[in-house]
Ligand SMILES: Cc1cc2nc3c(=O)[nH]c(=O)nc-3n(C[C@H](O)[C@H](O)[C@H](O)COP(=O)(O)OP(=O)(O)OC[C@H]3O[C@@H](n4cnc5c(N)ncnc54)[C@H](O)[C@@H]3O)c2cc1C
Ligand SMILES: Cc1cc2nc3c(=O)[nH]c(=O)nc-3n(C[C@H](O)[C@H](O)[C@H](O)COP(=O)(O)O)c2cc1C
């Protein structure tokens, strides 16, 4: 049975990745599961300088999902490279560094600095966080700007460059094309969907940021549809994510067009979720006599 | 030792119309737990029940050490059925398998020999301090409840109770009893007094304003997703910046927290 996949030059032993922001810097989870078994670990979104994030009132549970407005709190690229990366290098898995900047220059600089560090195998560029101010959000919603910022990061790195798309757009296909035109080797689909919740007793928003990003099984059908649209629009490999809880959910994304999957909110519900999802994928392959997972990508029968 | 385990319900006892006591026995040996630490609980198989989705945090109210019947001991939680998740837990039959992560967070700090400890609890906050009550046998316990029916039995010969409706103990705030005790104690004792408290947010804010002549530690509650410090969701503002309740807490020094208006 072949589980290995190639995501725009990033070779993984299996298609299960942990999603950025839901698995810390990886090392926090070593007591709960064998990190060597995961295809890749995507670390929390990194920026040039440490970021404090939003004020409390950062998460709120909603039916089959959760809203978050963490605000990209992180320890910064330098601290990550110095303190976390040496720990991560001990594991036989691939490390994807998720990053963001506030300007095109910052994106390029962040990409360059991460590329210079030993032990990072690919970069995932976040242009799609719903918790940032309006100007920033344009990176992920205005195709012309998307292409420009991706091109700038592309020039700054030799590593496989994955661009993470926002679902908060009219046409995910147009955004996918723009990212590929800018030089993306692969696409992550999707980031969280903008949402909100209100405490009706006090009339106050549940999140200090008022709006946040919805994740978890509640968004799975939307994410699946966006993976499908993206698959039809571009040739580069897709990492599908959004509410994946089981091996069956992962298979659904692969059939829709994903070459790999990322596990996000499920890690909070079960820190060993990614291992169980991998097991579920193998069970499905055995049951359907699929020898190579790659043959299932985009295998939807319409 | 494993902090990710399954446990089976041994008893699930209704205490009044809201409170219930849930006793579970882990299927593996678990790590030693300090008073003030907590566990995250989910009913059913992981990934199976998606609503409610997240695990629910609860303080360990008591631990009964392993014996022949329960080789991994018994964990007891005291829970107030306030919403969706807790009401599901309340109805689970004996034998149900739960998925659990824990112990999590940092408990109450140790008490030095030359310090005097006082314990304060409001409502279901008693759950988090029952361990202390057992460990520091005979230490004064100040316990506030809404009314007699909500009072959880606890063995302490030095207990002072207050209730909102006066149906048991003094009518009014338990903090008045605590304050009176401190001023009496101060007539003969000038050393360090420590107060370990668990109760509603309003109780902590009141304690902060009272400026008690003591070192006060409180166990905070905020919504949580991961419980292990990775989602960064349970942030709280402190004098030294944002901290995570699940990892840096849930026990904090009262004066380190920025309480706001
Ligand atoms: C460290 C810690 C220890 C706790 N110990 C106990 C205990 O021993 N006994 C007890 O009865 N309760 C305890 N709580 C509170 C308990 O976790 C909540 O009452 C419970 O999560 C409510 O879930 P629900 O689905 O019934 O309520 P809902 O209102 O339906 O929950 C909606 C969402 O908000 C969250 N939420 C609501 N209220 C709280 C709260 N007070 N704290 C944290 N999250 C909340 C829920 O987890 C859920 O995600 C503790 C909380 C924390 C953080
Ligand atoms: C608490 C939280 C923090 C997140 N932080 C980031 C982040 O820093 N960078 C990023 O690109 N995506 C971030 N995400 C988005 C996830 O990586 C993922 O795209 C999204 O949650 C959908 O997948 P899921 O439903 O499986 O969680 C975050 C999600 C959550 C729930």
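Keep in mind that glycine also has a Cβ here, set from the backbone N, Cα and C atoms.
Cross-referencing A:44, A:155, A:232, A:235 with the substrate binding residues that TrEMBL gives (A:68, A:69, A:70, A:71, A:72, A:126, A:191, A:192) picks out A:44. Same-site candidate for FMN binding, as annotated by TrEMBL with A:20, A:44, A:45, A:98, A:126, A:164, A:216, A:242, A:243, A:264, A:265, chosen from A:75, A:190, A:193, A:290: A:190. Distance noted between the C-alpha atoms of residue A:20 (FMN binding site) and residue A:44 (substrate binding site) is 5 Å. Among the recorded positions listed here, namely A:44, A:69, A:71, A:129, A:129 has its C-alpha nearest to that of residue A:190 (FMN binding site). Listed in sequence order, the residues of the same chain lying 6 or more apart from residue A:129 (active site, nucleophile) and placing their CB within less than 8 Å of its CB are A:45, A:72, A:100, A:136, A:140, A:191, A:192, A:213.
When averaged over the domain 'Dihydroorotate dehydrogenase catalytic' (A:3-285), pLDDT in the model lands at 96. Listed in sequence order, A:167, A:189, A:190, A:215, A:219, A:220, A:222, A:223, A:224, A:226, A:264 are the same-chain residues six or more apart from residue A:242 (FMN binding site) with CB atoms under 8 A from its CB.
Rounded to a whole value, the Cα-Cα separation of residue A:126 (FMN binding site) and residue A:69 (substrate binding site) is 15 Å. Ligand 2 lies under 6 Å from the Cβ of A:242, out of the binding-site residues A:69, A:71, A:242. When secondary structure is read from DSSP and collapsed to three states, residue A:126 (FMN binding site) falls in the strand class.
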